[in-house]
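Working notes, structure below.
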Amino acid sequence: MNAMLETPELPAVFDGVKLAAVAAVLYVIVRCLNLKSPTAPPDLYFQDSGLSRFLLKSCPLLTKEYIPPLIWGKSGHMQTALYGKMGRVRSPHPYGHRKFITMSDGATSTFDLFEPLAEHCVGDDVTMVICPGIANHSEKQYIRTFVDYAQKNGYRCAVLNHLGALPNIELTSPRMFTYGCTWEFGAMVNYIKKAYPFTQLVVVGFSLGGNIVCKYLGEIQANQERVLCCVSVCQGYSALRAQETFMQWDQCRRFYNFLMADNMKKIILSHRQALFGDHVKKPQSLEDSDLSRLYTATSLMQIDDNVMRKFHGYTSLKEYYEEESCMRYLHRIYVPLMLVNAADDPLVHESLLTIPKSLSEKRENVMFVLPLHGGHLGFFEGSVLFPEPLTWMDKLVVEYANAICQWERSKLQCSDTEQVEAELE
């Protein structure tokens, strides 16, 4: 009799369990996709100066709310995954010419050159010299999208192909790209300066490329000649400080580390004969046993320690990371410098962001831009689900470059006016 009385209550219990399960799933989705996070303009760190006031007036994206796609765009992991897997949506195919440069050690460096498709906003000849992210090249979709947009805004573009990154270009010396080697980028810049003696340069680096371009500018003062400005997007500033965070599971960095290491292993092994062959004159510190350790490596640090540092003769991983990081060169950059990171970048730990913040507090030429969202080289925009082909990052870099060109033009006009007035007196 009691069992008969309790039976009608069972469906209500089951409905409660279903409701709890649905609520739990929704809670996980909201947390994982960070749906409760607000949208806001990026945080800006800079010194009050004539240049910074001009930039705030001339670059609306610096003060405008960045709105990522509603459903997934507030998740740094989703932004990063979409960039890593797909690059960009409906990516264009800009037409360029591939250039080859023979380096002093016999290595063959390549870069792709794209001519402007419109007149520049100030009518000048300006070339963007671009350094992509780790193991990337001019054929990557995010690079193609950015180059196409820059061309349509009147910029010539030169894009470095990292040594060993292009699958159809063989290595001609026992060396490939490393975290901070600036040789190939410097060779490309010198080529552009000689081929276009009246062009001015906008230096752009993405992720690892950001480290390389900042290190290049700070190494020698002459490297900043004819450079209008520099933009670095999503770099980590210090490999030595980043290595500890890359071994942590916080924000799944250890997993990303494994994925990037696996990709690096494939690239290195694809050049196995050029790097480890019997006929190759390898660096003295590079041994056959290093190849065996490469197969079992599960992190970038293991690969760097066993292989990459030895290309340049570093005696330890600590020395390699200290020498190859741009952090010790940033204070030597005197041209306008914009550093961009996303607060939700799963690859760049928040502790590393103290480096650009501190720099922007000391140097008038530096502006640090930190949007809440964007992930690692994502920065997709869109209304609900589907992203736009052009990203916030693409538009910001070109907008900043346009503003710097206008700033330089206005300074030149003021100088000419003062000179005329002085002659009249």
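In case you wondered, yes, glycine gets a Cβ from its N, Cα and C as well.
In TrEMBL this protein carries:
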type: DOMAIN; residues: 127-382; note: domain 'AB hydrolase-1'
type: ACT_SITE; residues: SER207; note: active site, charge relay system
type: ACT_SITE; residues: ASP345; note: active site, charge relay system
type: ACT_SITE; residues: HIS376; note: active site, charge relay system
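Residue pair HIS376 (active site, charge relay system) / SER207 (active site, charge relay system) shows a Cα separation of 8 Å. Rounded to a whole number, the distance between the Cα atoms of SER207 (active site, charge relay system) and ASP345 (active site, charge relay system) is 11 Å. Among the active-site residues SER207, HIS376, the residue whose Cβ has the fewest other Cβ atoms within 10 Å is SER207.
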